[in-house]
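Worksheet: one structure, shown below.
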Amino acid sequence: MDVQDLEKRAVTPSSTPVESSSFDEVLKPKSAIWRKILGWGVEENGIVPVPLEKRTDKRVFNLFTIWFTALLCLLPIPTGMLGTLSFGLSLRDSSLTIIFFTLLTTIPPAYMGTLGPKTGMRQMIQARYAFGLFGIGIILLLNAATVTGFSVIAAVVGGQTLAAVSDSTISINVGIIITCIIALVVSFSGYKVLHIYERYSWIPVFVAIVILVGCGAKNLTHQTVPEAPATAQSVLTFASLIAGFMIPFGGIVSDFGIYIDPSASRLKVFTYIYTGMVIPTIPLLILGAAIGGAVPNVPEWDAANLANSVGGVVTAMLSPAGGFGKFVAVILALSVIGNIAISMYSIALNIQMFLPILTRAPRAAFSIITTVVLIPVSIEAAHNFFTSLENFLGVIGYWSASFVAIMIVEFVYIRKGDYATYDQGGIEDENGLYYR
């Protein structure tokens, strides 16, 4: 499809809203039970684009809080630990790599997030316009696998921490199940509840992280000194893992802005998403690097790492605080819920996209399916955590970088930055991009 075709198909969202009756027919509840669930505030819409008249949310700052909270958790810590513990970098070299490449690789997903409010379309719906009906199938599989992978990492870290806090009274497997079930409740409820949860749940987590650093500060100074200077290979390998941690958010970022008022400044939307991702990630990655550099030199931490990996080290760091430290560790274990919840939400949308007929099923039902898959995969990944993490981040960066590059070039060059060329009317057209 060339530019002229796009211009002919273009429909200005403000002037041509999609027929609401058609949307209602697609999403019509089929049972009294489902109608009752909707009455509790569960989001009804799935992958169907949100028409202009329903994009009325003025709280653009929610785009900051949802990403800030999702990343203010234990998830970045094991990734940071890889720099010092696996690649032999010093804390200084790891920190410089983290700062530069996080600031750089967060730009593409934050830019892609600006399309959510303007188009009312989920991220993978936008991608269908670029990749077509058949090409998008491959992208959906890769994106679902990527987001599931992040959920697995988060669930394992949460489960490890709960197991360590309980002195193994609760197994890692049970800890994973507890974490995933709680995340399911938040994800099941949908867009509105997700934003409410992420707006406030960061507060106790932030306090817990400050306490964690305070309790472990003395031992964090016991850094391993590398025998040789950092090599370009080790720095670039670690940098690619940082990119693999940040860039994949480009596959889901618009999912959480489709109800935002499209009149919101694009710069404001970009800034909120960018800072929401960067502000928690950089300090926690650096904290992870500091922990990784200290683990071999602190016997208690080393033993805890062997027993319960990251969760064990976190619990060992808080041991000077006694029973209160265990309480703080539980808060940190549950901090991953916000991250898993947004991942479950986006995975459910991916499942719906595989077949148009699945739009007739409630979005929330697919969150349950996602949880059923996530739990056994997480339990298996926990057996060899750091190897699984390193391999995962090393692979996903390749496809994710290609995906965001294609999406941005397609929007900027082919569509000339015109949001109206994402024609919502195509969803009703038998020759349209959505069902074609």
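For all residues, glycine too, the Cβ spot is worked out from N, Cα and C.
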Looking at 98-117, 298-317, which one does TrEMBL call transmembrane segment? 98-117
Restricting to CB pairs under 8 Å, which listed stretch, 60-78, 98-117, 129-158, 272-295, 363-386, is in contact most with the transmembrane segment (392-414)? 129-158
Long-range Cβ neighbours of the transmembrane segment (60-78) (under 8 Å; 6 or more residues past either end): 113, 150, 153-154, 157-158, 161, 194-195, 197-199, 201-202, 205-206, 209, 245, 249, 256-257, 260-261, 264, 268-269, 272-273, 275-277, 279-281, 284-285, 287-288, 291, 309-311, 314, 332-333, 335-336, 338-339, 342, 385-386, 389
Is the transmembrane segment (363-386) close to the transmembrane segment (327-351), in the sense of at least 3 CB pairs under 8 angstroms with a sequence gap of 6 or more? yes
